[in-house]
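Step one of this worksheet: look at the structure below.
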Amino acid sequence: MSQPIYKRILLKLSGEALQGEDGLGIDPAILDRMAVEIKELVEMGVEVSVVLGGGNLFRGAKLAKAGMNRVVGDHMGMLATVMNGLAMRDSLFRADVNAKLMSAFQLNGICDTYNWSEAIKMLREKRVVIFSAGTGNPFFTTDSTACLRGIEIEADVVLKATKVDGVYDCDPAKNPDAKLYKNLSYAEVIDKELKVMDLSAFTLARDHGMPIRVFNMGKPGALRQVVTGTEEGTTIC
């Protein structure tokens with residue numbers, strides 16, 4: 001088996017990645033597959049942390065456009081990420097993976113409150129750490145959370161799992177001739193106005209030299225290939 005090129009990773013999973021074909025809620029089969037793939041990394045000696053979005057359950061920004069207070073909507077979105085985190089932790093437990101769920105704000109009796117040093121300690125003990133509730137502040141996306149937590153825990157890379165094979169020069173769903181980039185610099189992403197993640201998250205990663213790899217989580221084995229250095233997805237650094 002190929003050896004991992006990363007010792008510690010931050011895996012960013014969108015809420016939509018957890019949906020079934022009906023486009024709603026959480027598909028247990030998808031969660032179980034992800035848990036098995038994460039378990040494979042842990043068995044290879046990789047320290048794994050996870051940030052989950054909440055868009056499969058709730059989108060605060062969308063309701064804000066309909067008149068809801070944005071702060072209230074974002075708080076509801078943060079709670080949606082906690083629900084996804086609970087589901088992911090349960091799937092990992094059932095796969096015999098020791099996992100810890102942390103929230104950016106206190107949720108006594110449900111999960112631990114985020115603590116930087118405790119998170120690193122658990123990662124060193126080969127426990128999967130799931131970060132939920134975003135940054136704990138409104139107006140920040142879960143992509144920003146992924147980059148922030150990745151920098152804080154000194155991850156080697158942020159792995160952004162999507163439904164496409166990487167970063168393209170245009171939308172591959174609309175243009176079958178869209179070009180897939182294998183390698184990009186931070187400057188190229190900004191100059192070409194490529195949609196990798198929101199600008200706040202991306203500039204945070206750039207300013208701290210955090211590499212980003214974008215790949216298709218829907219491809220079985222893609223996560224392992226990324227971690228072992230196979231040319232999979234798009235690398236930004």
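A Cβ is built for glycine as well, from the same backbone N, Cα and C atoms used for every other residue.
Quantities reported herein were computed from a predicted structural model and do not represent experimental measurements.
The ATP binding site annotation in Swiss-Prot covers Lys12, Leu13, Ser14, Gly15, Gly55, Arg59, Thr162, Tyr168, Asp171 and rests on similarity to another entry. According to Swiss-Prot, the UMP binding site annotation covers Gly54, Asp74, Thr135, Gly136, Asn137, Pro138, Phe139, Phe140, Thr141, Thr142. The region 'Involved in allosteric activation by GTP' annotation in Swiss-Prot covers 20-25 and is backed by sequence analysis.
Put simply, the two farthest-apart Cα atoms among Lys12, Leu13, Ser14, Gly15, Gly55, Arg59, Thr162, Tyr168, Asp171, the recorded binders of ATP, are 25 Å from each other. In the three-state DSSP assignment, the secondary structure recorded for Thr135 (UMP binding site) is coil. Checked against Phe139 (UMP binding site) by C-alpha proximity, the binding-site residues Ser14, Gly55, Thr162, Asp171 yield Gly55 as the nearest.
Checking the binding-site residues (Thr135, Asn137, Thr141) against Ser14 (ATP binding site) with a 10 Å Cα-Cα cut-off leaves nothing.
Other residues of the chain with a Cβ within 8 Å of the Cβ centroid of Gly54, Asp74, Thr135, Gly136, Asn137, Pro138, Phe139, Phe140, Thr141, Thr142, the UMP site, are Gly77, Met78, Gly134, Ser144, Thr145. Looking at Gly54, Gly55, the binding-site residues in this record, the fewest other C-beta atoms within 10 angstroms of the C-beta turn up around Gly55. Of all the binding-site residues listed here (Ser14, Thr135, Asn137, Thr162), it is Asn137 whose C-beta has the fewest other C-beta atoms within 10 angstroms.
Across the structure, Thr141 (UMP binding site) and Asp171 (ATP binding site) are spaced 21 Å apart at their Cα atoms.
The two recorded residues, Gly54 (UMP binding site) and Thr162 (ATP binding site), show a Cα separation of 14 Å.
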